[in-house]
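**Student:** The following block contains the structure, expressed as structure tokens.
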């Protein structure tokens, strides 16, 4: 069964209905287009200023008094300033359409988006996960270092300058669509990933993620599989600054102040071959020992205390044991709320009731969002059960990404395929059988069954 191109309530590529009748979204522009608008506007403003200078000088007396009978000139306005960083080239693929707006979603009465300082970025960026390598920490979270990526645009309140140098200070007065800033909106992209994995694409609706060959392999095959509508659209590989990046669909595009939850699926987050390599060439990790100690000082063994270090498989097995991974087949990695605050304090969230309370807090009583999440998860499960890709791959370290906003839009996607591995010819997985070393079962469907059951229980309350 092939899913539609997006979650329940999401429009197909090609455009979306406006949030409210008569309220149309301004088109997004690239940095190059913004610069052309900027130069044209500055030229027009400079010409107008030059033409108006004689009248302004003739209208004033010595001492700055305005003659009787002449209208007093209004004070110099506060002009927005536009700061454009280095431009990235446009990327040709067309981005998918934003989610469909099912209900009106207007600003609060009396508010004006023009009164607030604004920031613009040439591209929205979404979390499509990040593959974790054996020598990398599982918990390198919440990095916003990519906020300094090239191709960002910032619109801020300008200075109140005098008439003499007013036109020298102006940067632009171009009317531009407002897009959330990279740093504020996308600090959560590292909820379960690694620092520096993401980059602004320079095209709205797309994100660049540092390329790994296993993930490129998986995404290319997923685009031809029944699961295509359940994963971020893949638009190939591009080069930036000498590095290769995957060009992916921005899963936040079209959401207004999105809330995001990352749920890591499966009963384990390490490959069987990682266990083998770790036994053959064990490497001690002091950083993981410290993380273990911070959660439970009694968790390390006497030998680990003496070494003040643990191996990564040991840490990951311990972490999965204290979370819901081993018991429910999934665990909550992190949540980003609409106000931008992030939380990853879910390491010991283990029972069904604890998980239910987390989701209850996440949806904030929005029954429509909960219904959409539940329907989407059921669609994903139906598709996984008929997917040839899924039957023939060990899916490790992958997540389900939940996204919704205050307009009742909601979506769920499978993300992060850096550790998804093809099985030997002829072997298939059930994805529900218990894992024993050697059978390569990952427990993905076991976790999805439990997740659907928990959300169904929440919907009945």
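Cβ atoms here come from the backbone N, Cα and C positions, even for glycine.
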**Student:** Quick check on the annotations: Swiss-Prot lists region 'Calmodulin-binding' for one of 278-286, 287-295, 296-304. Which range is it?
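**Tutor:** Checking Swiss-Prot against the ranges 278-286, 287-295, 296-304, the region 'Calmodulin-binding' one is 287-295.
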**Student:** Need one residue: from 262, 345, 405, 425, the one Swiss-Prot lists with 197, 209, 249, 250, 251, 336, 416 for ATP.
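**Tutor:** The record-listed residue among the candidates is 262.
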**Student:** Please identify the range among 1-29, 349-377 that Swiss-Prot labels region 'Disordered'.
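**Tutor:** The range carrying the region 'Disordered' annotation in Swiss-Prot is 1-29.
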**Student:** Rank aside, I only need the closest one: which of the recorded positions 35, 250, 251, 262, 416 has its C-alpha nearest to that of residue 312 (substrate binding site)?
**Tutor:** 416
**Student:** Report, as numbers and ranges, every residue of the chain located at least six residues beyond the region 'Calmodulin-binding' (287-295) whose Cβ falls under 8 Å of a Cβ in that stretch; write 'none' if there are none.
**Tutor:** 137-139, 304, 307-312, 315, 318-319, 322, 347-348
**Student:** What is the Cβ neighbour count of residue 314 (substrate binding site) at a 10 Å cut-off, with all protein chains included?
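**Tutor:** I get 20 for this one.
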**Student:** Suppose we draw a 10 Å sphere around the Cβ of residue 336 (ATP binding site). How many other Cβ atoms does it contain, all chains included?
**Tutor:** 24
**Student:** Return the residue, from the listed binding-site residues 209, 419, with the maximum count of other C-beta atoms within 10 angstroms of its C-beta.
**Tutor:** 209
